[in-house]
Amino acid sequence: MSAYSLGPFVFAGDRLAAIVGIFAFLLVATFLDRRFAPGLGRAAWWALLTGLMGARLGHVVQHWGSFSQEPIRAFAFWQGGFAPLPGAVLASAAGAMAIRSWRAAAALVVSAAFGLLFWAGTGELTRATIGKAAPTVALAQLDGPPLAISDLRGRPSVVNLWATWCPPCRREMPLLARASAENREAAFVFVNQAEGPDRIRAYLKDEGLRLDRVLLDPALEVQRHYGAAGIPLTLFLRADGTLADLHVGEISPELLQAGLDAAAAR
């Protein structure tokens, strides 16, 4: 599956893996704090929060050319974008400063090892969708003949699952529309989820958006094909039609470019 739902929340597989890893880290740290190393729990929380801030800051610095245009986007952490290495370095430093004994240090290392183990294990289980072939079902096109996503083989493609009632879909649509108009190396496809042509046309007109290849998916066939549990969902397909990467939720310019790079990689 490409996305998982927990109550009202929808997570991409990689984000779910991170959440599971963090939960395991904190759970083991809390257990060891009570049994062997008092104070470890506080150190674990301090290391975690510092690591997350460092990972986000590292991502912003790496893509400062883009973030400098809209610095406020640095706080849009829900879009994703974290650099693991800076996060790990700062988390280690914060943990080292917060602990007071070798016993606590060893317990913190054990907690981190459990967290990484669960993170990696869950990540492997949730990556089953990567490499999946494009769906062959032909969908009606808003303006044009029926089209199957598998027909786009020959160059990388970006497939966005969206709906007019979805707030994050609406927020990311101007970015995707610009990318579609400016990028000639990849084909962009916008698969609307269970809405009628009149409603879609009215939305595009009201927002001043021009989109090529808007497909109608009344039965949510593409969503089921990729095992998605919600929208927006952006899929990045290689030239052979196989899935190279995906993003659940509102996408940022940096992660859009990263997905395009993954789809174009040989």
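Including glycine, each Cβ sits where the backbone N, Cα and C put it.
Across the domain 'Thioredoxin' (128-265), DSSP assigns 50 helix, 37 strand, 51 coil. Feature annotation from TrEMBL assigns domain 'Thioredoxin' to 128-265.
Outside the transmembrane segment (12-32) by six or more residues, the chain places 1-4, 40-41, 43-45, 48, 80, 107-108, 110-112, 114-120, 122-123, 126-127, 129, 246-249 with a CB less than 8 A from a CB of the stretch. The transmembrane segment annotation in TrEMBL covers 12-32 (among others).
The feature transmembrane segment is assigned by TrEMBL to 44-64 (among others).
As annotated by TrEMBL, transmembrane segment applies to 76-97 (among others).
As annotated by TrEMBL, transmembrane segment applies to 104-122 (among others).
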**Q.** Beyond the flanks of the transmembrane segment (104-122) by 6 or more, those residues with Cβ under 8 Å of it
**A.** 16-18, 20-26, 28-29, 32-33, 36-37, 39-40, 43-44, 47, 95-96
Q: For the domain 'Thioredoxin' (128-265), provide the mean pLDDT of the predicted model.
A: 95
